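Listed features, source TrEMBL:
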type	residues	note
TRANSMEM	B:6-24	transmembrane segment
TRANSMEM	B:36-54	transmembrane segment
TRANSMEM	B:77-103	transmembrane segment
TRANSMEM	B:110-129	transmembrane segment
DOMAIN	B:133-415	domain 'NADH:quinone oxidoreductase/Mrp antiporter transmembrane'
TRANSMEM	B:168-189	transmembrane segment
TRANSMEM	B:209-232	transmembrane segment
TRANSMEM	B:244-264	transmembrane segment
TRANSMEM	B:270-291	transmembrane segment
TRANSMEM	B:303-323	transmembrane segment
TRANSMEM	B:329-350	transmembrane segment
TRANSMEM	B:396-428	transmembrane segment
TRANSMEM	B:452-471	transmembrane segment
Amino acid sequence: MAGSDPTGVKQNAFVEANGYAREVVERGFRLRPRTIGLFAVFGVFVPTMIYRGAVMDFDANDARYGRPRKKFL
Amino acid sequence: MFIQNILFVLLCLPVLGAVGLLFFPKTAVRQMKLFALNISLVTFVCSLNLWIFFDNSTAKFQFVQHMDWLSVLNMNFYVGIDGISLFFMILTTFLVPVCLLISWQSVKHLVREFLVAFLLLESFMLAVFCMLDLLLFYVFFESVLIPMFLIIGVWGSRERKIRAAYQFFLYTLIGSLFMLLAILLIYFQVGTTDLQVLHTVEFSERRQLFLWVAFFLSFAVKVPMIPFHIWLPEAHVEAPTSGSVILAGILLKLGTYGFLRFSIPLFPEATIYFTPLIYTMSVIGIIYASFTTLRQIDLKKIIAYSSVAHMGFVTLGLFSLNMQGVEGAVLLMLSHGFVASALFLCIGILYDRTHTRLIKYYGGLVQTMPLFAFFFFIFTLGNLSLPGTSSFVGEFLILVGVFQTNTFIATLAATGMILGGAYSIWLYNRVVFGNLKPVYINQFADINRREFFILLPFVVCIFWMGIYPSIFLESLHYSVATVLQSIRI
């Protein structure tokens, strides 16, 4: 076990620039057809499918065990 | 006598400590640190009495204390704990001395203010976990924001800290406003905010839906559930190490604790109504956050996003609405309190030495920091939920619970365990193995004695919970069963 003297890092301009660009996503974001398409797929379509899948599974279980169907959103 | 008043003692000790710090001369920095550390250690030892004297055979609230506050309005200072809040109290008192120790050398300016903020934060967090009055729960739930805002904004690491602090503050505050409206509505219907009385009240289905959504908005921001998670990575990255430890270890649990303490037992029909929505958000949270973790280049952001994924598992377990799922969720919350906190401590140790968290600068640390590599390895195993570690028990129980109610969701959620393995091992591999990068970092120092003794208890706790979880489950059974009694599926 040694001490914990701060030694610092010799910064690399490319690594720093890359890190900064990754950090301030809000400045690089543009609303393009591609981003709208991605939002439609991963923000709307996929969640809807998962939701429907979950509800169908609940309904199937209720039917299997003879319980009344639950009311969901 | 002491045991009867133990909750008051626990709530007052950190506040008295904070007041005591004001009497130290400004130059007595070391003495102030020692004083604050001793106060937090005494609080921790006192909190262990809760566990020692806790009666596992009852679901009633224990160590109950009552004090008039606004008696005219039927609102009183009413505290007590059950099996669910017991371990969060102990986790809180355990993490605060750890936070004070890890910032022993790194916090150099406004030391007194930092210590006061931490001790007050401890008191507020303890109050949240033991409060049995809805309005006072809200008051302390919000009070936590003030010291945390200061810790991020004043003692944070970079320029973006102010933005991160505001983001954290505004997100959580806006979410919580809806809960205040809901509490007012409950008060005007029932005439009190006493939780024990509220448990006996049955709200109409329509009102339950509104109240549930209002509480949900507040808790979902705090958890955080996707898409309310944006504040978390920012806050973690900008917070000092001790701030990140408290954020990951305790503050994230306030939301899930709120779900379990209020949303599920008070609004059972609305809970069932919204269960598929919670399942969907949790599963997306697990998968999306896991993939996002794989893409990150900042060490703290990696752990922050993995926290979002783990909290997705927790919400999934809570809304499985069966014993295995809910107990697994509580265990995973506790486990995450140890694992994520320990990982943030490890990153803090690296940051103290190099002043960077960008992963590109690191590599081959096993050659120069073997002890650090060992600890980091144990915590990485905990993060990927390896059998034998604490996270495995929690995630396994959650999957068992969810599988009983919804196999489709359980199958999707199980992929999160694989993705968890992928990002955890890859993180470890990039930081610890490979070649050293002397072009960037050419002087190394392994962990010192202080850091060693900070990390050691985390290793013990992770394996203890992983190998012998029954000791925790025994205290949980009756309390969880009582919560689930209100749900009639």
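Positions of Cβ are set from backbone N, Cα and C atoms, glycine also.
Looking at B:77-103, B:244-264, B:270-291, B:329-350, B:396-428, the range that has the most CB pairs within less than 8 A of the transmembrane segment (B:209-232) turns out to be B:244-264.
Against the transmembrane segment (B:329-350), stretch B:452-471 shows more Cβ pairs under 8 Å than any other of B:168-189, B:270-291, B:452-471. Long-range contacts of the transmembrane segment (B:36-54) within the same chain, counting only residues at least 6 positions beyond its ends with a Cβ under 8 Å from a Cβ of the stretch, are 2-3, 6, 9-10, 13-14, 16-17, 20-21, 62-63, 81, 83, 86, 89-90, 92-94, 96-97, 100-101, 115, 118-119, 122, 475.
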